[in-house]
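*Asks:* Below, the features straight out of Swiss-Prot:
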- 61, 113, 118, 338: substrate binding site (BINDING)
- 211: N6-(pyridoxal phosphate)lysine (MOD_RES)
């Protein structure tokens, strides 16, 4: 699919993406039946030829044929050597964190998904890990924050929900001045289609596949991709030891979702841009935040490290909390719900929904106030989306 001329200026799409999404790890020749659709292997245990001699699978937690196919496909799409699937995005986060030991320090982007913030702040810190929250979009702050105890840097780009970007390459240069710090990039918002963190210098690319990678709001899953054989070996040991693996059925569904990732993301980009432009010219809107708009302070960075933008659009409605609630109440096509990245359009109020667990003082500093609304723009007809937003804005501000 060719990008609309008005959406140009970003990196070119990654070569062979759709072909790899459809075929890698799913070759019919690997099945006796020659099935062209990935079979679902529900078996929990597998017959061994001799005691202690398996044919590649022993117990489904340790390895499953359907999960293996998904992991091969994701590795290809992330431009990675290895990929691992987990039961959720947070399960992936927890497993990565187990690479560390008590006394180590994590530097985390100051603005991240609320669940990530909660896990680092209230759970990981209880196990002897030091957590520092830093605005990694400012590389000087990142460099100043690194201590001898720093072992992992966690960045999210774009951030959730204010869509702030971090320069992955610049962060990697700073982090890798020391040979013992792991750089993790949460790629949930961009997906493998629009951004490849490993190619930009990250050590680990992770995402919540619940969102764009699966894209149908019917799977909870996390994905982790790496190029390092050592990191892959350590993470696979933890994947098996901690046991937070997805079901074979969910792996099948995610594989199916990947096959349409390219066409979905192109449509999300088109619709997201249309919504952002509409909101930016609306008198009832205070400010729009979308990396695809020239008005975004890091628009040029987005064009340098991404091949496009997803359907995530955040904006500040004029007025106060009552106006934000009125707007959300009067939406008909957009569904009031958490999560994102599905084919259906969603709207939410981060301050009291997805980011309610973030301390109020931190929310205020980050700009997550009572008038910030986050949209996950879906695949519906563009005009229908714009009319729904226009109607709800007029209802909030008669």
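Placement of Cβ uses the backbone N, Cα and C atoms for every residue, glycine included.
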*Asks:* About how far apart, in whole Å, are the alpha carbons (Cα) of residue 61 (substrate binding site) and residue 211 (N6-(pyridoxal phosphate)lysine)?
*Replies:* 23
*Asks:* Which three-state DSSP class does residue 118 (substrate binding site) fall into?
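*Replies:* Where residue 118 (substrate binding site) sits, the three-state DSSP reduction gives helix.
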*Asks:* Within 10 Å of residue 211 (N6-(pyridoxal phosphate)lysine) by C-alpha distance: pick out those among the binding-site residues 113, 118, 338, and say none if nothing qualifies.
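*Replies:* Close binding-site residues: none.
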*Asks:* Substrate site residues 61, 113, 118, 338: biggest Cα-Cα distance, Å?
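*Replies:* 30 Å is the greatest Cα spacing among the residues binding substrate.
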*Asks:* Just counting, how many other CB atoms are there within 10 A of the CB of residue 61 (substrate binding site)?
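*Replies:* I get 15 for this one.
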*Asks:* So how many other Cβ atoms are close to residue 338 (substrate binding site), meaning within 10 Å of its Cβ?
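*Replies:* Looking across every protein chain shown, the total is 13.
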